[in-house]
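Student: Sharing a structure with you now.
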Amino acid sequence: MAKKYDAGVKDYRETYWMPDYTPKETDLLACFKIIPQPGVPREEARAAVAAESSTGTWTTVWTDLLTDLDHYKGRAYAIEDVPGDEEAFYAFIAYPIDLFEEGSVVNVFTSLVGNVFGFKAIRALRLEDVRFPIAYVMTCNGPPHGIQVERDIMNKYGRPLLGCTIKPKLGLSAKNYGRAVYECLRGGLDFTKDDENVNSQPFMRWRHGFDFVMEAIEKAERETGERKGHYLNVTAPTPDEMFKRAEYAKEIGAPIIMHDYITGGFTANTGLAQWCRDNGVLLHIHRAMHAVLDRNPHHGIHFRVLTKILRLSGGDHLHTGTVVGKLEGDREATLGWIDLLRESYIKEDRSRGIFFDQDWGSMPGVFAACSGGIHVWHMPALVTIFGEHAVLQFGGGTLGHPWGNAGAAANRVALEACVEARNEGHELEKEGKDILIQAAKHSPELKTAMETWKEIKFEFDTVDKLDVAHK
């Protein structure tokens, strides 16, 4: 018997609230934090989010009868209270994998964080976490190369990599920019980098900048016998221009390029990652604009979701925050998304804000890049927090050294001392001060850096904290 079409407005709960539903292995699972408008029941709010982010609209439509709505609809299957927050609650929603185009993080985001975020019945909405089923993960190409391949390309093993963002970030001519790159690489760094807003400005057009940077890299490599690199930012006004810059970087021998994946867009980023894989070029990812989306604890997208999206879209490095520097970052939450970048399988762990198990299959891991207000005194904590597969990037903490290019040498000595102490079984965060003092006895560069920044701290409370019960 044909189904009967009943016109009119139907309560979302009748179709999209399914507390008895058991999610399938192939379902994409999402956890939303919801604050409904006054008078809107929780059950209605969670069902509305499931509807508006999948197949629903505000009224019943006759075209529902032309498809298998039960197969395609999102299902709100559970809710939980948010510890310490009486207004908010968590809603867990399962989406059938067929709702999403294969390999398209753009399509996933368009559904999960699209129109639903402007829904009037919801006062605040935040996407806290997503479980991507392995069946979907395997449709994405992911990082162009990954951690192990990068170590092989750069011939660097057994320690975090060391970098520096060239400062001032804007205003240097191409020749002076190249000089700064050379001094940093010659002093002992593995990488230098463009900052996120270095593109092609009147003071330094991109091609001139690329040429002087490659000249600096080649000179530093000849003098040190080490592989060196600089993240050449190919973010551009159009995809065609972006690929033109990437092609030129490859032509002149650059080992690594850079992209601002949020401001540049996920379509551009996924395409660039595929190009890097095909052309043997490493890809560093900057997260400029992330805090607009993730810093508000009640509305937006949590950074752990942006981390997962980047791993699917593609990048060999991603900025993750530092915990100890000048930028926002809760320690346990940061450790959580670092694991989501690097590990093959991550278990649910609410103490670190991870709501779902996540299986990445054979997808390569991503280097965690930490930068922002860090200096030599932070080195013991950074090596402890980030471990081996990280890029520690000191901008002002390199170029702010009173002796100029000695800042690079100071950071290299501090890193080597901490890695050696770690390998000998020392607890770096407890013994770090003594480790650095001992190393400084043989390094005037490190000693001066320690004296310069001994009073510098960034002691501000984290805005976006993990949701835990107030004591």
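Here the Cβ of each residue, glycine as well, is placed from N, Cα and C on the backbone.
Pasting the relevant annotations from Swiss-Prot:
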- LYS167: active site, proton acceptor (ACT_SITE)
- LYS193: N6-carboxylysine (MOD_RES)
- LYS193, ASP195, GLU196: Mg(2+) binding site (BINDING)
- HIS286: active site, proton acceptor (ACT_SITE)
- LYS326: site 'Transition state stabilizer' (SITE)
Student: Using an 8 Å cut-off from the Cβ centroid of LYS193, ASP195, GLU196, can you name the remaining same-chain residues around the Mg(2+) site, in sequence order?
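Tutor: Other same-chain residues near the Mg(2+) site: THR165, ILE166, LYS169, ASP194, ASN197, VAL198, TYR231, ASN233, MET258, HIS286.
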Student: So which one is it: of the recorded positions LYS167, LYS193, which has the fewest other Cβ atoms within 10 Å?
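Tutor: Counting other Cβ atoms within 10 Å of each of the recorded positions LYS167, LYS193, the minimum falls on LYS167.
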Student: Provide the number of Cβ atoms within 10 Å of the Cβ of ASP195 (Mg(2+) binding site), excluding the reference atom itself.
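Tutor: I get 19 for this one.
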Student: Going by DSSP, give the three-state secondary structure for ASP195 (Mg(2+) binding site).
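Tutor: The three-state answer is coil.
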Student: Taking the Cβ of HIS286 (active site, proton acceptor) as the centre, how many other Cβ atoms fall within a 10 Å radius?
Tutor: 28
Student: Using a Cβ-Cβ cut-off under 8 angstroms and a sequence gap of six or more, which residues of the chain neighbour GLU196 (Mg(2+) binding site)?
Tutor: ASN233, THR235, ASP260, THR263, HIS286, ALA288
Student: Can you see whether DSSP assigns HIS286 (active site, proton acceptor) to helix, strand or coil?
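Tutor: In the DSSP reduction, HIS286 (active site, proton acceptor) maps to strand.
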